[in-house]
Amino acid sequence: MCGIVGFIGKKEASPILIEGLSKLEYRGYDSAGIATMDNGNISVAKCKGRLANLENKLKEEPVKGNIGIGHTRWATHGEPSDINSHPHTNEVGTISVVHNGIIENYIQLREKLISKGYKFCSETDTEVIPHLIDYYFKGDLVEAVIKAVSRMEGSYAIGVISAKEPDKLIAVRKDSPLIVGVGDGEYFIASDVPAVLNHTRDVYYLNDNEFVVLKHDGVTILNEENEKIEKELSHVTWNADAAEKGGYEDFMLKEIHEQPKAIRDTMTSRIALGKEITLDKITLTKEQIEKIDKIYIVACGTAYHSGVVGKYVIEKLAKVSVELDIASEFRYREPLINENTLMIVVSQSGETADTMAALRLAKSQNARVIAVTNVVGSSVAREADDVFYTWAGPEIAVASTKAYITMLIAMYTIALFLAEKKGTLSKEEIENIKKDMLELPDKTEAVIKDKEEIQKYASRTYMHKDIFFLGRGLDYAVALEGSLKLKEISYIHSEAYAAGELKHGTIALIEKGTVVIALATQNNLFDKMLSNIKEVKTRGANVLAFALEGDKKIEGTVDKTFYLPNINPLLAPVLSVIPLQLFAYYVAVQKGCDVDKPRNLAKSVTVE
Ligand code: M6R
């Protein structure tokens, strides 16, 4: 849950490392540090807090050298502090390491190293790494790193520099992302592509247990046996600007505005009128699909909420039973899996530890796995049998918006794909849904244009302490996501309820002035929803409702109605989530919260 970078070339490393880290702050931001090497001497600068603190420190005490490593941290072992910040070094400061992940057996390793006379100064798991490399160094740094890594259990992407061999930077990954950027006479490592995009578009996506040695004259990739391996260089086609704020105040607002494009891109080449659904990286045949007797959708957080929609639409359209699971529960509950099980894992980052574990569990029991992910070459993409890439582009804000909306598109597309193969819908029914889907980019655009209405409402409600979201059916799925968005960036307590369930307990919390946001886009449930709204109104709630254009019946019952463009109710979640994202955003802004980097959270949760 951290970001690492590394550089070797002719330029000064320090500004390049800082710039790379600025693109990775979304991975963690409670401390930052760099180590550079000059004339065989390593200098380390690190401190608690945002990257800006490190930049200030470097202004006072610059570090020199044209080789270096850097780190932005999200604390797991040891509180955020200067001493716990990375890079960590061996006692004499000749080996320096940055690490993203967790060394699970660090206590045993630490005890062993202490018994050999090594001294530790931080509370981190990472500090064992430079000591271990030191312990195994017998004149060859690569061999020492390979040996040290073979003793480590857990997840890691690490970058190493050493005064013992000042001409190289060594890196390796297992269960944590790592890419290698190949520039003109300069080479990079990073946890994510945006960190290198200002310098190169040519990257290697490393697999688990692959080591890379960066030198001034090139890159060598090795396996655990210290044997050279060949890898294909990938060319990144998306723009570096895509990872910048582009004039918006925050990444989150920018990403909300990018949703029409993200939806369009995700449908492109997959959904076209008069043509079969094309999913190029899903090779499931009609025969294999017919044998599937159960689908699990497994994910965490917002990705899980897209799965709530997925369950509704896959069962409705493809007539196959879907179980929905939170990945951290699924992996420990002995779920029933066999070769007729299809698992759909959903993960924006493709690196979420619990989701990965669920995927591996399903694979070990012969299930077929489709990964829905936004990150090309991510762990879930590499380990699943089939992949559905959502083309949302890089999502930087911790609170997911455009990735979520493209996950919804993935759910609809997979449901239609299965329905088409199984023949559970007629050609005409499929064409009608596709036609409605193709209208989504324009309709989402229209919803975003009305953002000022939401902003006004947010400015009247931001001081409330509790906010409830209600919905039935697909509206309930969206209520869950709206509530999570509000909680994570504005720190307001909020609950999402299936509207019919409220009277079984939670309605006790409704009192005069309680804010209730009610979603009422599902025409088959509209009257039921209206009754539930009346139940909270009677108890004094102040209700904002979301309904589809034309459903005027709701107006007399609620305090304010926000109308969404008319759409097939099956697809309404794609529209109705947008005002909820905007509501969370404007409430957080009014409260002065750091929208893109909410407290206690990280973009990618690569630990359990
Ligand atoms: O990368 P993933 O989609 O697997 O991440 C799952 C959750 O950690 C993520 O959706 C989280 O809930 C977001 N902060 C929500 O905005």
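Yeah, the Cβs are placed from backbone N, Cα and C, and that goes for glycine too.
What TrEMBL records for 2-217 is domain 'Glutamine amidotransferase type-2'.
According to TrEMBL, the feature active site, nucleophile maps to CYS2. Under the three-state DSSP scheme, CYS2 (active site, nucleophile) falls in the coil class.
As annotated by TrEMBL, domain 'SIS' applies to 285-424 (among others).
The annotation domain 'SIS' is assigned in TrEMBL to 453-598 (among others).
The active site, for Fru-6P isomerization activity feature in TrEMBL is assigned to LYS603. Under DSSP, LYS603 (active site, for Fru-6P isomerization activity) is assigned to coil, being neither helix nor strand in the three-state scheme. Same-chain residues at least 6 positions away in sequence with a Cβ under 8 Å from that of LYS603 (active site, for Fru-6P isomerization activity) are, in sequence order, TYR26, ARG27, SER349, GLU395, ILE396, VAL398.
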Under 8 Å by Cβ from CYS2 (active site, nucleophile), counting only residues of that chain that are 6 or more apart: ARG27, GLY28, HIS71, THR72, ARG73, TRP74, HIS86, VAL98, HIS99, ASN100, GLY101, SER191
Rounded mean pLDDT for the residues that make up the domain 'Glutamine amidotransferase type-2' (2-217): 95
